[in-house]
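Participant: Can you read through this structure? Questions will come right after.
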Amino acid sequence: MHRFTDRKSAFAHPAFQPGVQNLEAVHNCRVLVAGAGGLGCELLKNLALSGFQKLHVIDMDTIELSNLNRQFLFRESDIGKSKAVIAADFVRRRVPGCEVVAHNCKIQDKDDNFYRSFDIVMCGLDSIVARRWLNAKLVYGNPTGIIPLIDGGTEGFKGNSRVILPTMTACIECTVDLYPPQVNYPLCTIANMPRLPEHCIDLFSGEALDTDKPDHVQWVYKAALKRAQKFGIEGVDLRLTLGVLKRVIPAVASTNAVIAGL
């Protein structure tokens, strides 16, 4: 970080003046990371190691076994615990002097004053609905100032990141049509002539299910497997069943690292 704050650059703003005061500004900058998943873990690590010392992280989810292959702030002993709390504890232990405050709740649970208290908001959410809510909060909830929103997202080997200046640049609401639509299968195909293993699973997704309960997922898996065998379809397994029921988006650790670094 000293390389960026203590010397001039051809790409720097004309008004930029090198000096120790710039690093102090980094230390005192209040940053909120929304989401402590694959992208959020990378963001917290990058921010802490870059010298940002006043971090907050907000996430309502708990750690699952499937998270451990790419969300490297978590360990097997952390399964079932709050992502935000464990991520904050890990960063505090590894980076002395870095303050990380965890908020184990929905982003909607916080009021305007909470979001106004930050200098930068970084979005590592995996929900378009949540992104739109946070975008609206920064656009309409802070009429006297501008809080930059740095939004990022990944899907498989693809990803994107961009800086949004509320009321000055195009925001998430302006470009919401660019997000890929959720995959939905024709009801007639699912009910009468399934051709894919996903069709057999999706037939039972409308039942009263709790996808966080293993016995519910197991019931769907067995029912879908029986239906697949009836139509000569192969490929139904427990992992695919869970992916279809939860609408799991493929995630790759290296993609998260690249996008967070941008």
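One-based numbering along the chain as shown.
Placement of Cβ uses the backbone N, Cα and C atoms for every residue, glycine included.
Annotation comment: TrEMBL describes Cys188 as active site, glycyl thioester intermediate. The domain 'THIF-type NAD/FAD binding fold' feature in TrEMBL is assigned to 19-262.
Relative to the rest of the structure, where do these features sit?
Facilitator: Cys188 (active site, glycyl thioester intermediate) counts 8 other C-beta atoms within 10 Å of its own C-beta, drawing on all protein chains shown.
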Participant: Limited to the domain 'THIF-type NAD/FAD binding fold' (19-262), I'd like the whole-number average of pLDDT.
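Facilitator: Summarising the domain 'THIF-type NAD/FAD binding fold' (19-262) by its mean pLDDT gives 90.
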